[in-house]
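*Asks:* Have a look at the structure that comes next, please.
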Amino acid sequence: MSRHVGVLGAGVTGISSAILLQRAGYLVTIIAKDFPAGFETIDPVTQINYTSPWGGAHNRWVPPHPSNPQSVFEHPLSTTTFSHMKSLFTSHPKTAGITFLKGIEYLESPGPEYQSLTPAKAAELNLPGFRLLSPDEFPDSKVTWGCEYETYCVNPMVYLSFLLRRFVHRGGRIHKHTLRSPVEIFSLSQPVLKNGQVDAVVDASGNGFGDDANMFITRGQTVLVAEECDATVTRQNADGSWTFCVPRGFEGGTVIGGTKEVDDWECSPRLETRERLLKMFAGTYPKILGGKGRMTVMADIVGRRPSRKGGPRIEGEVVGLGGGEEEEKKGFVMHAYGLGGRGYELSWGVAERVVEGVEGWFSCARRDATATLLGTLDQEGL
Ligand SMILES: Cc1cc2nc3c(=O)[nH]c(=O)nc-3n(C[C@H](O)[C@H](O)[C@H](O)COP(=O)(O)OP(=O)(O)OC[C@H]3O[C@@H](n4cnc5c(N)ncnc54)[C@H](O)[C@@H]3O)c2cc1C
């Protein structure tokens, strides 16, 4: 009989991991407090810590560079994700919630990772459609470096609803539940979990469970406007601020961003921020206005990126499950949280690591079981 894996979390990390675990042949149940739904119905206050609805979400290449070890770790995850997105888009162009389009970058003060990014280097890094822009293509004289490439955007709730539907259609189970710890999942059984007790757990909780001192939040305020845009455009200013747009497609409008405010817990949008974001983006990419004086605001968005010092935690942990008088039982939790501002663009790469971790644990457990059996046979002199 197949092993049963419980995935804690129904954001982009949990659902992508659940799908790849299912594909690898496991019975999978997703257990979470929040699940994807129509974007219009997700509550901006009570569900603010469910980050996936509030993401853009676009893929921006972050060139890996030795000066930034996290970028070196994450780059292969982003190229793996790109391939999965391309294949999903090709097979389900009208339903998956994915749009392939041009990505444009403008930088006022590029660091070494951009300055060393030549077309040859971009080809080596698997950045499709890469082209350096010439200065006459820059929006103004403050921009000193620019490029374009092929990329994708997702409409988060269209995309995650599509993935969740596929998961359930293929036999996956879901269960709405609030947990105190990932370890608690080992104690759930029938009738709560239709497939019975789990053999391993994936912690895709976004933030971890408050016992990880490296976690912090990065508040992001963006504006959803009705205008469409032909590219996802990002500008990094010399003062550290950003302006960008993420066309969500599928009649989801375009996200104009955005702020990155460390440890800022304010959940209401700031109106002066909205005005600044709209002005900055229109100044950089006036095409979005379509000749009008102002964009049509549909909603303000505030989200909390689940950031982590040193990068995401993608690692397995053997946990004690108690055992009363008997020897303590052990369980395996595969952590996959702390994806910060890159949860979508790293999602399939992270999911592949999750499957590797779970498979590694089961093969160790099989080896141990075989060793115990052989030991028993030996002792019994058989
Ligand atoms: C403004 C903004 C813009 C962004 N733009 C982009 C972008 O352009 N590209 C990109 O790749 N990323 C972007 N991000 C980041 C991206 O949205 C996140 O990295 C991603 O959504 C994290 O997903 P996750 O599945 O790890 O966590 P979450 O989406 O937070 O999901 C966590 C899941 O765990 C469940 N859970 C947590 N605790 C418990 C508990 N105690 N009991 C039961 N269930 C629990 C939740 O209910 C939920 O289902 C952006 C984020 C913000 C805020």
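Heads up, the Cβ atoms here are built off N, Cα and C, so glycines get one too.
The following feature annotations were taken from TrEMBL:
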DOMAIN    5-355  domain 'FAD dependent oxidoreductase'
BINDING   THR51, SER52, VAL183  FAD binding site
BINDING   ARG305, GLY341  D-dopa binding site
*Asks:* Under 8 Å Cβ-Cβ from THR51 (FAD binding site), six or more apart in the same chain: what's there?
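*Replies:* Within the chain, THR51 (FAD binding site) has Cβ neighbours under 8 Å at GLY11, GLY206, GLY303, ARG304, ARG305, PRO306, GLY343.
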*Asks:* Near ligand 1, which of the binding-site residues SER52, VAL183, ARG305 have CB less than 6 Å from any of its atoms?
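*Replies:* The qualifying binding-site residues are SER52, ARG305.
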*Asks:* Across all the protein chains here, work out how many other Cβ atoms are within 10 Å of the Cβ of SER52 (FAD binding site).
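*Replies:* Result for SER52 (FAD binding site): 27 neighbouring Cβ atoms inside 10 Å.
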*Asks:* Please report the three-state DSSP label of SER52 (FAD binding site).
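*Replies:* Where SER52 (FAD binding site) sits, the three-state DSSP reduction gives helix.
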*Asks:* I need the CA-to-CA distance for VAL183 (FAD binding site) versus GLY341 (D-dopa binding site), whole Å please.
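*Replies:* VAL183 (FAD binding site) to GLY341 (D-dopa binding site), Cα-Cα distance: 27 Å.
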*Asks:* For the FAD site as recorded (THR51, SER52, VAL183), determine the largest distance between any two Cα atoms, in Å, rounded to the nearest integer.
*Replies:* 23
